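> Before I ask anything, here is the structure I am working with.
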Amino acid sequence: MTATLAAAADIATMVSGSSGLAAARLLSRSFLLPQNGIRHCSYTASRQHLYVDKNTKIICQGFTGKQGTFHSQQALEYGTKLVGGTTPGKGGQTHLGLPVFNTVKEAKEQTGATASVIYVPPPFAAAAINEAIEAEIPLVVCITEGIPQQDMVRVKHKLLRQEKTRLIGPNCPGVINPGECKIGIMPGHIHKKGRIGIVSRSGTLTYEAVHQTTQVGLGQSLCVGIGGDPFNGTDFIDCLEIFLNDSATEGIILIGEIGGNAEENAAEFLKQHNSGPNSKPVVSFIAGLTAPPGRRMGHAGAIIAGGKGGAKEKISALQSAGVVVSMSPAQLGTTIYKEFEKRKML
């Protein structure tokens, strides 16, 4: 079995039910496409768009809805450069003092937006992502939870065939550069500009790591919540590459959970790219150590199936890459602080 077909087989075990098998079959077809001359490696070029700052111009899809309105207000209060939003049929109106457009394409042309955040109900969220991809928005952050998995397989297939748009999520808290730009639902006040890059599959555990690194005085350089769904647009490796190449990021916290093999892949990446005297300290926590096989634990992707995806295997893989694994989420801040102390980086 080729590596690509093996990846599709892993997904079949990760997603339960007939919809999961159908999704895996569909994704396996997309994996086979490179044999027909279609390039998929180009999507990695969009990693650069993960870095947001005070100059990032954002639109909101689902702008006038309840969630879109609330979180757009929060973003504006934080100082994020929100320039407008879309709600089909409400183009030409204003909302929160900003213009409303019918389409993402129109919004991008009129505002020069470089990012979009999506607060659209699950049945329509995949179409919203596709619209942003077609408009070539550089960064798309989809907060929505509960998008049908087959919808996301089709979105991922579309993503992998282009290089202009980078997707974070779905089912994620978003991305934040403290003090500069907040795209998503994270509480802004717990963040502090600093030295730690945080990437996580869990939203609430992200906030825990943020609060602790703020408390120990290290702060955060960039925080990315990649989401807990099995078919997402950004994984650990995408974020790790940004962190390793970012001079402002001096240490990394990686928060994983049971299900899939993203943590094992991240460990392999760190072995290859973060070793030697100039390596950056990496601390991790893996949620679900006591989870029983076959039972989904919260997130759609958090399930041990087919003998794969267990916490112990993930912890071993990360430790073999030189990562310090904390056994408690309450100790992430003190653990990374001790690593800085040990390396005389304080």
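Don't overthink the numbers, they just go from 1 along the chain as shown.
Cβ from N, Cα, C; glycine included.
Sharing the features that Swiss-Prot gives for it:
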TRANSIT   1-40  transit peptide
MOD_RES   K54  N6-acetyllysine
MOD_RES   K57  N6-succinyllysine
MOD_RES   K57  N6-acetyllysine
BINDING   T64, G65, K66, Q67, K90, I143, T144, E145  CoA binding site
MOD_RES   K66  N6-succinyllysine
MOD_RES   K66  N6-acetyllysine
MOD_RES   K81  N6-acetyllysine
MOD_RES   K105  N6-acetyllysine
BINDING   Y207  substrate binding site
ACT_SITE  H299  active site, tele-phosphohistidine intermediate
MOD_RES   K338  N6-succinyllysine
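Help me see these features in their spatial surroundings.
Using a 10 Å Cβ-Cβ cutoff, K54 (N6-acetyllysine) registers 11 neighbours.
Within the same chain, the residues at least 6 positions away from K57 (N6-succinyllysine) whose Cβ sits under 8 Å from its Cβ are K81, V83, T111, G112, A113, T114, A115, listed in sequence order.
Annotation note: K57 (N6-succinyllysine) sits in a coil segment as assigned by DSSP.
DSSP assigns T64 (CoA binding site) to coil in the three-state reduction, placing it in neither a helix nor a strand. For T64 (CoA binding site), the same-chain residues that are 6 or more apart in sequence and have a Cβ closer than 8 Å to its Cβ are G85, T87, K90, Q93, H95, V100.
Applying an 8 A CB threshold to same-chain residues 6 or more apart, the list for K66 (CoA binding site) is empty.
A helical conformation is recorded for K105 (N6-acetyllysine) in the three-state DSSP classification.
Secondary structure at Y207 (substrate binding site), taken from DSSP and collapsed to helix, strand or coil, is helix. Sequence-distant contacts of Y207 (substrate binding site), defined by Cβ-Cβ distance under 8 angstroms and a gap of at least six in the same chain, are P173, M186, P187, I190.
The number of other Cβ atoms within 10 Å of the Cβ belonging to K338 (N6-succinyllysine), over all protein chains shown, comes to 15. DSSP assigns K338 (N6-succinyllysine) to a helix in the three-state reduction.
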> If you measure T144 (CoA binding site) to K105 (N6-acetyllysine) at Cα, how many Å is it?
21
> Restricting to the chain of K105 (N6-acetyllysine) and a gap of 6 or more, list residues whose Cβ falls under 8 Å of its Cβ, or answer none.
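Those within reach of K105 (N6-acetyllysine), by Cβ under 8 Å and sequence separation of 6 or more, are E131, E134, A135.
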> The record lists T64, G65, K66, Q67, K90, I143, T144, E145 as binding CoA. What's the largest Cα to Cα distance among them, in Å, rounded to a whole number?
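Pairwise Cα check on T64, G65, K66, Q67, K90, I143, T144, E145 gives a maximum of 25 Å.
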> Around the C-beta of E145 (CoA binding site), how many further C-beta atoms are within 10 angstroms, looking at every protein chain?
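Result for E145 (CoA binding site): 17 neighbouring Cβ atoms inside 10 Å.
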> Looking only at C-alpha atoms, tell me how far Q67 (CoA binding site) is from K54 (N6-acetyllysine), rounded to the nearest Å.
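About 23 Å separate the Cα atoms of these two residues.
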